[in-house]
Every structure is written in structure tokens, then in C-alpha cells.
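Asker: Before we start, here is the structure in question, set down as C-alpha cells.
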Amino acid sequence: MKALLDLFKQVQQNEQFDAIKIGLASPEKIRSWSYGEVKKPETINYRTFKPERDGLFCAKIFGPIKDYECLCGKYKRLKHRGVICEKCGVEVTLAKVRRERMGHIELASPTAHIWFLKSLPSRLGMVLDMTLRDIERVLYFEAYVVTDPGMTPLKRCQIMSEDDYAAKYEEFGDDFTAFMGAEGIRELLRAIDIDRDAEMLRQELKDSKSEAKIKKYAKRLKVLEAFQRSGIKPDWMIMEVLPVLPPELRPLVPLDGGRFATSDLNDLYRRVINRNNRLKRLMELRAPEIITRNEKRMLQEAVDSLLDNGRRGKAMTGANKRPLKSLAEMIKGKGGRFRQNLLGKRVDYSGRSVIVVGPQLKLHQCGLPKLMALELFKPFIFNKLELMGLATTIKAAKKLVEIQEPVVWDILEDVIREHPVMLNRAPTLHRLGIQAFEPVLIEGKAIQLHPLVCAAFNADFDGDQMAVHVPLSIEAQMEARTLMLASNNILFPSNGEPSIVPSQDIVLGLYYATREAINAKGEGMMFPDVSEVIRAYDNKEVELATRITVRITEYPKNVETGEFEKTVTRYETTVGRAILSEILPKGLPFSVLNRALKKKEISRLINLSFRKCGLRATVVFADQLLQSGFRLATRAGISICVDDMLVPSQKVDIIATAEGEVKQIEQQYSSGLVTAGERYNKVVDIWGKAGDDVGKAMMDQLKVEDVTKRDGTKTTQESFNAIYMMADSGARGSAAQIRQLAGMRGLMAKPDGSIIETPITANFREGLNVLQYFISTHGARKGLADTALKTANSGYLTRRLVDVTQDLVVIEDDCGTSNGASMKALVEGGEVIEALRDRILGRVAANDIVNPETQATLYAAGTLLDEDMVEEIERLGIDEVKVRTPLTCDTRFGLCALCYGRDLGRGSMVNAGEAVGVIAAQSIGEPGTQLTMRTFHIGGAASRAAVASSVEAKSNGTVRFTATMRYVTNGKGGQIVISRSGEVLITDDLGRERERHKVPYGATLIVKDGLVIKAGTALATWDPLTRPIITEYTGTVKFENVEEGSTVARQIDEVTGLSTLVVIDAKRRGSVTKTVRPQVKLLNEQGEEVKIAGTEHAVTIGFQVGALITVKDGQQVTVGEVLARIPTESQKTRDITGGLPRVAELFEARSPKDAGMLAEVTGTVAFGKETKGKQRLEITDMDGNKHEFLITKDKQVLVHDGQVVNKGEMIVDGPADPQDILRLLGIEALARYIVDEVQDVYRLQGVKINDKHIEVIVRQMLRRVQVVDAGDANYIVGEQVERSELLDENDRVIAQGKIPATYENVLLGITKASLSTDSFISAASFQETTRVLTEAAIMGKRDGLRGLKENVIVGRLIPAGTGLAFHRARKEKESWEAEERTALLQSEKAARAAEAEAQFADISSTPDSDTDAS
């Protein structure tokens, strides 16, 4: 019976576990795993193909080759199970034990494990406090190390060369011991007293003052503490026994022709065994030291290359000079165990085929080829055949299916009914890349896909392939149906917009049907209802675009009862719109259709339908829109011809004018009036404008056509030109493309992104000549190369994002925090870029939202704001709302639903178990391929748009200046701005900010603070081409270091003959004058230097490189006068990183080069004494303490003497460093910075992503904290730990009434954050596998399997979605069972105790009668 049970035991699933621990194995442990020692390097006998005894494939050690059969064939079959054959020594059991039984090799000399030696920082070095170089010299037999100095003056761990050793040996004899090789290191490791060393280090840390020492000690202490905690002995890093991998995991397979294919590991093991055996022999023979030493070194190298080939020295190579693949390479990298086999597996019950369009399908269906379905659903068909008694065995059923018996098809229909399949299109960039559909059997071999889901899959029908997967279990089918069915996923999870938006011909059909034409056939007819309209249309009495009047039935929703009430209304509309009104879902008014439907409108329509009528109605509506769109597009019969491309008549004149202007510029250039750079910029500008003008003229001509009204008068209407309609509706093409067809192609770019100044004046209709064609191919190639690189880069960004966020899951409903972020509308340059409603939609209010007019609470805190609510908030003019955000969520090891808000892909509150981290990563990564790769050169053509020279108000209101705005009034009474960050605000009657405008330094203000103005009033003007340097004081100019030929050069204007001084670049000047900087001081009437008000510092105004000095030495100047101008052209064109690299830079939290400087404290600014190349800036804080900053002189300082700055304000111009923002302004400001910057990049490409996704990533970048003061908690100062863990530890400490640890936030880039997670499995599968595993093993780390990745790797259900509930139930059950067990044990204990008590009582109470009787 027991044997029978044993048989079943092997099938049963292993026990549940909650964590995985990694550590170092002791030699005893390795021997206990082993089933015997491998003594010979032989593998198998090449004649008999049987494994050699004691060899690498030995059956005695590793188990039999055939199931239940020993090697010599004495015992066969099940009845001998467990017998060990006395002839060949093989146990009779299953052959698959060869996958799990390990062997071992007893090493003749101890060997260091290369990971702990060479993986930086070297763990051996840290424990022994020796340098890696020294340890290596000892291990590879180049030097001796003293292990026991005895009574001699030598030190432990002292290194000496052979000659030194010989000399010392002569001197001291046997009083000291020194070793070479791993033995020496092992002795040193054994001698370490970890507890004592750790204590000493703690003391040193307290006493030490030097930063470097503290850092060093802390590192070593961390390693020692890890050993203390994990109970791992340091000398286990030196191996005495080498484990041997089970043979099936390093197979040897015979190929035809008598050759063998083998795993590289066998070669590596063979070398180790050979060298080991040779060393044993040499030691038995008592060979000379030098020979055994060499053999030991070779053994060490053999073991090294088995563990990690190529880590040290040259890699061992096989017969074909290819480096052998070691154990380390098996697990790391894309082809390693983690990423190849554990995170991504190949799946059974799957197939792939080309996709074709299936317009007749419903949204939740897909067409599955019969043959594919037959193969995929085989097991289900076999089952059915057996149940129906058509086949007795699986074999018979298989036969029936293979000959495709007619009954099989009926059964297939039956099996497929209501059994969803999953379709996937690679690359799967977001969760909509896999969706479930109900299969419909079709003839042919291609999968049919519903046209509306193409947008989500990013699929088209030019030969794309898709994979089909079959969910097998009932649970899997249920999840596929409820969560993944295409009709349940009609919104994009990235922004909450519909993903099933019609495109191309559907849009064209709907657009054509809803356009109106003047004086079309049957105009002005009246119809009682839509059916009559359809009759008239079918009888060709009216056209689609005819304007008619008709009674239309609508079903508005009654607010009180929630019922749909039938109403009939007369509408003036067109035939097409009336016909479309038939498919409008109940609850939507006809007015939404009563307009020309462009793509954006249709998207809005579907969104509206989803919000008002629910999911089911919307899906039906979308399907009907699709049908109508296709049908109407076919009826319309729109086609394009060459004559549709109307070339504007003005084109010739525009080009001629431009050519004239270019000639003029060329002449000015040849006569030296303009520089080469200016000429190029101006030419490019002229042609750019010419191209735009031609395009505009062409569009104006295309847009309208002449028609005759019914009364005979002439008028114009929107054109029915086919090309124009396609572009206008959003079906295909854009204005820019039409411009190339019928306008002019315009300027082309070179591969380096610079613009070729010769434009292509022709368009495609006229045709290009050879030169023009060549120019246009020149830049096109760059585009193709970019696209290929972009895809890889974008994929890598997505991978890093997923890795950093994969363990973030919604695990509770409410964390109870009242924190949040204040949201305002995003305004830039007076334009609202993102309205408040869009920013707070789908978020939860953190505070009560109050009606500003009545002060009544409008929405209580904790309300999820939906469309109607945000509209109400906007209507009331509330301009700031505090909402909950993932950043301030207090949930540990996860997020709460209220801080996250609406699940955008479902349109309702997020559910517990939703993997919001992965969704955020996908939402940001998925559009990555649409972003550009190039870094823009600002300057020249790209900056054309930026040349604004004034700013005007867009709305009526009151002018207000921000606190940072400063200006002086010059002699002419003009107000000149002298602050670098001043802004003008316009507020309405209630004092709410309506718009804000930045005003540059040197601008002239036209309005005053508090002025009431009308829209369109100019607020300020400035010269767009130069940047002035302005004086704020009156006095006489005194030049310093302004010397012609050394710091400045004189430029003479050839036309006017006037000369100006230009400051030259220090790099171009001689070495003597490099550090001198031309500047101006001002003198007063008495000839003394003018001082800065309230200080002793003289006013010094420095000139930057390229500045044109406009004043003369000794000239009298007044406040606000211009001393010099810097032409903006000569401002060095700085590269602005855009696109994908910018997003990656932000998420990696890289500090930009030449970063701007932020004020460390709030206080008053003063300039201190200047040093050679730097200027000194002092900020005196409120308590009177001074803080000094040294700033290189070429930087632009944004503050001036006496200005009060706030902590975190920019004081030196340059890009902000996210680390500074976090340190000085806190988490919310940092998040706002990263969110805004990332959104800028995506917005430029027209991609919408919800802010909360970026916030989720920022939360993960901030999940580590640095311990500032450990208090009584179990941490070292300066250690980085997981925030949640530290808070848990603090709770524990506080509960005991002790002092908790204090910490500061740390911002890590996404790669760094992924690698520093608490889960070593997740980190190892991401990057730097060796380093992660080495560190984890020494620390004896425990992986609690919290994240998704770890669970996928160990093959469990992930703790997200339905898996979260499963794991929770399991844990509850376990704790409940444990309680029950303890209760049971206690009751048994009590019973036993009672029993013993009773026995004891019996014994004591019986009188000694029996003794008497004896």
C-alpha cells in the first residue's frame, strides 16, 4: 500500500510556500545534496552509449536511463521499484530523477568562488579588509599571506612575495604560518570573529570624522552584519566540495554519424575533474611544491571558468575556439534562464495566422479558420467523442479527427460555442494587445478580425499576423470572457478615451453622409418620419447631402424615473443625418448627429454614448456605425484624380517673390552686411514662409467651391473635393500632405537634422526633377534608420518602466490619508494647455469642494469626480482643487483605490487587485515608438515660431504683477523690466487668475499693476532679436578689462561706417587674458564707485561673450539704459533634448549637465568677493546665517543684490536638477516637475496620457529612503531601505516605547530603483544578474514574493487581479489551520497532562497492599 502511495506522491504538487531564501551552501550541505562523488571525467561509452561508472553521467549516482530498469538489465519493470542492483549499483526508479539528483566533486585543494572574488565590490575583499589585487595574488599563487604571525613582528593578512617569504622564513623559522592559494584565504576567513569585528566597526563609525572612512566602515559593517544575521560562515565563500549539476540538465545527445552534441558544462566539468585527479596524484606522489602549486592554480582557474567563464583572464574555449557557456551565462541575459524560460514561455494550444478584415463580425467575435480550430480544440473534441460514444479510446478519437469525419465538425461547432479565444498581436505594448473574442468558424486559412479593434492592436491588413491562444480551464474562460472580451475593453487604459473609434473608410462614409450641400436634388422637402426619408432616398428623389425638414423620434432619459421617454421633434437636417438617426442609442439627443461627423466628433460621440447609455448600448452603436460607414462609403463612391489636386495660381508669384528676397540676401552677404549664419537663417526663413503661403493659398482654394442657390444667386459652400474631404474628415492624409501634392514640397532636412536651404519648389502633381528627387531622398533615409533605432530604444524604456512598477498593486480601498496635490489648469503663455477639468477628472477629492458663491459643500472629500461633477466645478469657476494622488498614498507595499481614483480602462473606480504599476508603465511605454529620437538644434529654422516681440491680454480683467516682477523707470518714462522671472497676471472680478504671461528681461511694460483692461490690450513689448544688458543705477561708465584685441574686437558696419565693440570668446583669446572678464563699473559725481543699495559692494556689470557694447567709456547713463546688447543669434544654440531620450532622462533622474542652481534657504541675496573664475553669491537667511555659493562667471545669475529669494527658487539659469527639487521643495514639487516635463514631450506628439500614470512611476522612484538617524531601529546610518519596511519597523519600535528611525527621501532612477528592490528574484531577472545574486546570497536574503515578477518566475498565480483574492484566501486558510493545529496540540497536551495527573494520583492513593501480599 505504501508503495502505491509513493507512486502517487511524485505526481502531487509541491507544498505551498510564501518566501524563497537564498544563501551560501556549506560543504556539508553540498555533500548532503549529493548522491555520490563523480571521480572520472568520462561521460558515456561511445560504443554501447551507456554511461561510464563514476563518470559525469554515471547511472549509479544520478539514476537509471530508462524508467524502472537498472543499467545491466537485471531488474526491470515496476515490481522491483526501489531495489538497488548489486551488479551495477543502480537504483530501479523513474529516469526523470536524472533531472534532480546532484553529484559532487571533492576538491583536492580548496578553491575560491569567483563571484565573491570578482563581482564588484569584492565580498572577499570587504570581509578580509584586503584589496582585490592582493587577494588575487594569493589565490593565483603569486604571493604568500600570513595567517598566523605567532610571536613575530609580522601582521595578519600581510602579503609577501616568494623572496620575502624565503627571507622571513630564514629569519623566524616556524614561528609564523603563511600560505599560498585559497587555503590561506580560508584560514583567514575562519579566524574572523564577526561579532567582535562588527562591534569594533560600530565604535569606529561613532568616533571617526572622515567622510571616506565612515563610508568604508559602513560598507564593511553592512557585509559583516549580513553574515551575522544570515548565519552564513564567511569561509563558505571558499569551496572544498563542488556540486555537480544533474546530467539531464547538461545533456549529451548522439547525432547521426556517430558524433555527439553536448552542453558546454560537460567540457568545463571534465577539465575540473581532470585537473583535480591530477592534483590528487601529484599530492600522493609528494611532487615538488612548484608542480603542485601550478596544478592548484590550474584547478582554481578551471573552477572559475565553470562558474563564470571569462570573468577573469581569458575565457576557456572549446574545440572551435568559441568561449564555453558557463553556469553564470545560463541564467543571465536575454537568452538566460530568467528571461527566456521563466518570464516568457512558449504556450501550448496556440496558433498563428495572417489576419484579414471581417466587417460582418460583431465586436466580440473573430473569424477562426476551421482547420486551426480543429487543432486547437482537439482535447475538447476527443472528450465529446468519447462522451457521445463515437470513440472508445483517445486513439480512436484521434483517428476520427484526423480523417475529418463530418460528425467532427458538428462537435467542433458545439465545443466552440461560448468558448472565448485570445488573440494577440506582437508587439504587445499595452494590455489591449491581447483581447478575447468568441470564435466564429470560417473557411479559408486566415483569421478574421473586427475592424474596430485594429486601433487597440495597432493592426492593419497588409500581411500582419496574429496569434491565437485557448484558455483551457473554466476559470480561465470566465476571466477571458468577463475581463478580456473585446466588447468589455472599449477604452484606452492610458487616457480613458474610446479605443474602438472608426477610422479610414468608415469615417469617410459617415462624414460624406452628414455633410450638407446647397441646392442639392429635392432641397426643402418635408418628411413625417425617417422611413419616408429612406424611401425618398431609395427612389433617388433626394441625395444624401440634401437639406430637408423631418420629424425625428428621440428617447431622452427622464431624470426622476430613469426611464426613456419617447419624444418627436422637427429638425432641419440632411438626408444622411436623418438616416443615421435610426441607429442612435436611446438617451442621446439627435443634436449630437446634426453636424458633419469628423473623426474627432465620432470619438466624442462614442465617449458620450458610453457615459450616458452604458457599455452594451455603446458596443451595439459602434457596430452599427461601422456597418453604416462602410455602406455609405460604398454608396458615396468617392475617388481621387489628378484634377482634384488644384495647384493655386498664386504659386508662381509667391516663388518669384521669395527668389527675389533670397537674391537680395545673397548680395548683402557678398558685400559683408550679414554673416554666413544670418544669411542661412534668413534664406531658410524666406523659403519656409513661401512654402506656408503656397500651402495656405492652396487650402483656401480647395476649401470652398462656387454653387448656385435655389433662387439663382451665386454663393460658396464647403468643397466636395475628394482630397479635401478625406483630409478634413480625418480619414486619410493631412493638410501637410496635400500641400506636397498640390502646393510645393518646401524645405527638406539633411540626415543630421539641419535644413537644406534649396527648397523643392515643385509638387508631386507637377513632378520633381532629378535634383529635387535627390534632395528629397537625402533626408528620407534618416527617417527609416531612426525608426529602426527608435523601436529598440522605446522597448527598452518600457521594460525598465515595467520592472520598476511591477509590484505596485491596489490592495485596499482607503489608506485614510488627507494629503493630496493641488491641481490647477495648466497655462502657458496665456493659453490654457490643459483645463482643470481634464486634470481632476477621475480623481478623488482630498478636501471638501466648496461652492465659492454660497460657501456650501459641493462635493465631500472622498468623492470620485466624474464628467458631470468636473463640469459643474468648471462652471462655478473654481480654479484649484486638491485631489488624492498615488504619491501621497499611505498604503504600505501597494496603493489604495481612493488615491488612484478611476480605472481609466473601465471608466469606474479602480478595483482592488488592479496592477496599476504595470498599466502605468505600459501607458507611458506604448506611445514611445511615436516619439521622435532627435535632439533639436534650437536656432535657425526651428526657432522661427519663438520670435514673439510682444504679449497681449486675451481676456478682460485687472492686471497684476507677480512678486518676482521688478522694473525701473528710465529717463523717457518707460518701465523697463529688470527681473528674469517676472510674470503679468490677468485676474477677473472675483480675483481668480485667468491668464499669466512671462515677460523677459529688458522688456518695456505698457500697463501698470492694478490697471483694468480689455482683451487685446498689449501688455509689454521687447526686441526679439537681441537681449539687452541694463543698468539699474545712474552714473558715469568706467570700463574694466575692455581691451581691443584681447577681450573685445571692433566691428565696423560697412554700410553705415559705425563701429561697435564685440566681446570675444575667452577660448579664442590668448592664455593671458583667459580669466579676465570685460565689465563696467559706475562712478558718481565725486568719481567714487557706485555701491549697491544697502551694501558695500560696487555695482559691476559683466558682459557676456558676443555682447555688442553700446555705451562709451566715460559716458553718463541713467537708470534703465541699455549698456550692451547680445544678439540672440550668437547665443550658443543649445541642444534641447526632445522625444524619447528626454523621457528616459527624466525617469532615470539624471542630473543635467550645466544644471541651474536653486537657493538652499530663504533669505536675502548679496554678491561677495569674486575669485579668479567664479563669482561668489551669499544668501543670508532669516536667522542671519550666511550660505555661500560659488558660480562660474559664464553662468547667468537670475537674482540681484538685495533680492529676497525663497528656498528652492532658481538663482542660476539652467535646467533644473530633479535631486535638488526633491531636496529643497519636496515630493509634490518634484512630481509636478517630472509630470509636466514628461507631458511636454508627449503633448508635442499629440499623445494623451493621464498624469496619474507618471505619478505612479514617480512613487516607485521614491520608494527607497535613506536612514538619517537609526534611533533604536535595526539600521545603519546612511543605509537605503524600502520606505514601507522602514515604516513597519518604526511602528514596531514605537510600540515598544523606543525611538524610531528618521529618514530622508531618495530619488532613484528607474534602473537603479528596479535593481534595489527587496526582491532579489525580480532584480536578478532585470539586469546585472550576477551582482544581484552574489549580494543576496551573502546577506541570506529572503524574497517574500510580493511582486508580480517573482511569482511568475516561481510559477504561482500573481498577486494581482483574481490572484490577489486567491492568495489572501490561502493565507487566511493557512493561519486558520495553524490556529486549529495549535489548539489541537494544546488540547492533546492538556489531555496528556490530565492523564499523567490521574495516573500519578492512582499510584499515590493505592496502599502498599500488593507488596504485603507478595
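Cβ from N, Cα, C; glycine included.
Sharing the features that Swiss-Prot gives for it:
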| type | residues | note |
| --- | --- | --- |
| BINDING | CYS70, CYS72, CYS85, CYS88 | Zn(2+) 1 binding site |
| BINDING | ASP460, ASP462, ASP464 | Mg(2+) binding site |
| BINDING | CYS815, CYS889, CYS896, CYS899 | Zn(2+) 2 binding site |
| REGION | 1395-1414 | region 'Disordered' |
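Provide an account of the burial state, proximal residues and distances for the features listed.
Answerer: According to DSSP, CYS85 (Zn(2+) 1 binding site) sits in a coil region rather than a helix or strand.
Annotation for ASP464 (Mg(2+) binding site): same-chain Cβ neighbours under 8 Å, separated by at least 6 residues, are VAL354, ILE355, ARG425.
Taking the Cβ of CYS815 (Zn(2+) 2 binding site) as reference, residues of its chain lying under 8 Å away and at least six apart in sequence are, in sequence order, CYS889, ASP890, THR891, CYS896, LEU898, CYS899. According to DSSP, CYS815 (Zn(2+) 2 binding site) sits in a coil region rather than a helix or strand.
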Asker: Take the mean position of the Cβ atoms of ASP460, ASP462, ASP464, the recorded Mg(2+) site. Which other residues of that chain put their Cβ within 8 Å of it?
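Answerer: Counting only non-site residues, the set is ILE355, ALA459, PHE461, GLY463.
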Asker: Counting Cβ atoms within 10 Å of each candidate's own Cβ, which of the binding-site residues CYS889, CYS899 comes out highest?
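Answerer: Neighbour-count leader: CYS899.
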Asker: So of CYS70, CYS72, CYS85, CYS88, CYS896, which of the binding-site residues has the fewest other Cβ atoms within 10 Å around its own Cβ?
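Answerer: It is CYS72 that, of the binding-site residues CYS70, CYS72, CYS85, CYS88, CYS896, has the fewest other Cβ atoms within 10 Å.
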Asker: Provide, as an integer number of angstrom, the distance between the C-alpha atoms of CYS70 (Zn(2+) 1 binding site) and ASP460 (Mg(2+) binding site).
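Answerer: Spelling it out, the Cα of CYS70 (Zn(2+) 1 binding site) and the Cα of ASP460 (Mg(2+) binding site) are 59 Å apart.
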Asker: Among ASP460, ASP462, the binding-site residues in question, whose Cβ has the most other Cβ atoms within 10 Å in this structure?
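Answerer: Per the Cβ count within 10 Å, the most buried is ASP460.
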Asker: For CYS896 (Zn(2+) 2 binding site), what is the secondary structure by DSSP, using just helix, strand and coil?
Answerer: strand
Asker: Given CYS88 (Zn(2+) 1 binding site) and ASP462 (Mg(2+) binding site), what distance in Å do their CA atoms have, once rounded to a whole number?
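Answerer: Distance between the two Cα atoms comes out at 63 Å.
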Asker: Measuring Cα to Cα, how many angstrom lie between CYS72 (Zn(2+) 1 binding site) and ASP462 (Mg(2+) binding site)?
Answerer: 61
Asker: Residues near the Zn(2+) 1 site, CYS70, CYS72, CYS85, CYS88 excluded, by Cβ within 8 Å of the Cβ center?
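Answerer: The surrounding set, listed in chain order, is ALA59, LEU71, GLY73, LYS74, TYR75, GLU86, LYS87, GLY89, VAL90.
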Asker: At the level of the C-alpha atoms, what whole-angstrom distance separates ASP460 (Mg(2+) binding site) and CYS85 (Zn(2+) 1 binding site)?
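Answerer: On Cα coordinates alone, these residues lie 65 Å apart.
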Asker: Using the alpha carbons only, what distance in Å do you get between ASP462 (Mg(2+) binding site) and CYS85 (Zn(2+) 1 binding site) once rounded?
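Answerer: Pair distance, Cα basis, whole Å: 64 Å.
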Asker: Taking the recorded Zn(2+) 2 site as CYS815, CYS889, CYS896, CYS899, identify the other residues of that chain whose CB atom sits within 8 Å of the mean position of the site's CB atoms, giving them in sequence order.
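Answerer: So the extra residues in range turn out to be GLU812, ASP814, THR817, ARG884, PRO886, THR888, ASP890, THR891, LEU895, ALA897, LEU898, TYR900.
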